[in-house]
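Written below as structure tokens is the structure these notes are about.
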Amino acid sequence: MAAVLTFQSLKNALVWLFLCVLAFSPSVWGRPATFLQDFRVTWSDAHIKQIDGGRAIQLILDQNSGCGFASKSKYLFGRVSMKIKLIPGDSAGTVTAFYMNSDTDTVRDELDFEFLGNRTGQPYTVQTNVYAHGKGDREQRVNLWFDPAADFHTYTIMWNHHHVVFSVDDVPIRVYKNNEARGLPYPKFQPMGVFSTLWEADDWATRGGLEKIDWRKAPFYAYYKDFDIEGCAVPGSGACASNPSNWWEGSAYQQLSAVEARRYRWVRMNHMIYDYCTDKSRYPVTPPECEAGI
């Protein structure tokens, strides 16, 4: 009897181990990758340095150049996240961007994180924007409630048939809902690549361009690690993007949970500093997606 129990216990342990491996396998929860597995340098190879065997990278901005990289594939729905440590100290006039883009000229879809540098001691601002069917100008800005240059923090774009959610350390800061039923555009048909750039934008980035880059502080450095892409790669299985069994299409991801909703309201109430929906100088008539509660 003891031998039977021992065998059964071993069997149960192996089953449990198998389920754990399955639950956290790439097909279910994704995997952090080395930089060169999923990405390529698109701009100024000399200004991107691999660290720790490619598990992290350093982006460099100086007076000669900024830099950028992009995913080797495009994706249609899924989740993308990266851990980023932003430029410390006086970063005014710089922009570190992490975004998805269909890379089409006129009718493009795009989902943006843009980190707007600032003077030493002032908060970092993250600007989000959504382009759907070529229409953008949907900026929202949030002051981050921590120092994003002191350590790595996780920035995530989750995109499914129901909504797009921008999150910082699992705290939602922006939700763009699918309101096609109301005749509003939603990024649904064009696959998007994953991009990042570090560049000079002192004509607008800090206080509308009033604060310029202090090149005496250059070079400027931003760091990335834990590159995680889960989604339907294109080209790939034509049925993937419409498959309701993809984990990101599950009921738990079709709307914010109660905890996420509380966090979202907290960010909006305490840290939002600009919302195009309430900018009457730009939009005397409230944009329809704002009235729809996006």
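For all residues, glycine too, the Cβ spot is worked out from N, Cα and C.
Curation does not apply to TrEMBL; its annotations are automatic.
The signal peptide annotation in TrEMBL covers 1-30. Feature annotation from TrEMBL assigns domain 'GH16' to 26-224. Marked as active site, proton donor by TrEMBL: E110, E114. The N-linked glycosylation site annotation in TrEMBL covers N118.
Along the domain 'GH16' (26-224), the predicted structure has mean pLDDT 93. Listed in sequence order, S91, A92, Y124, T125, T206, E211 are the same-chain residues six or more apart from the residue listed as 'N-linked glycosylation site' with CB atoms under 8 A from its CB.
Its Cβ placed at the centre, E110 (active site, proton donor) has 20 other Cβ atoms within 10 Å. Every protein chain considered, the tally of other Cβ atoms within 10 Å of the Cβ of E114 (active site, proton donor) stands at 19.
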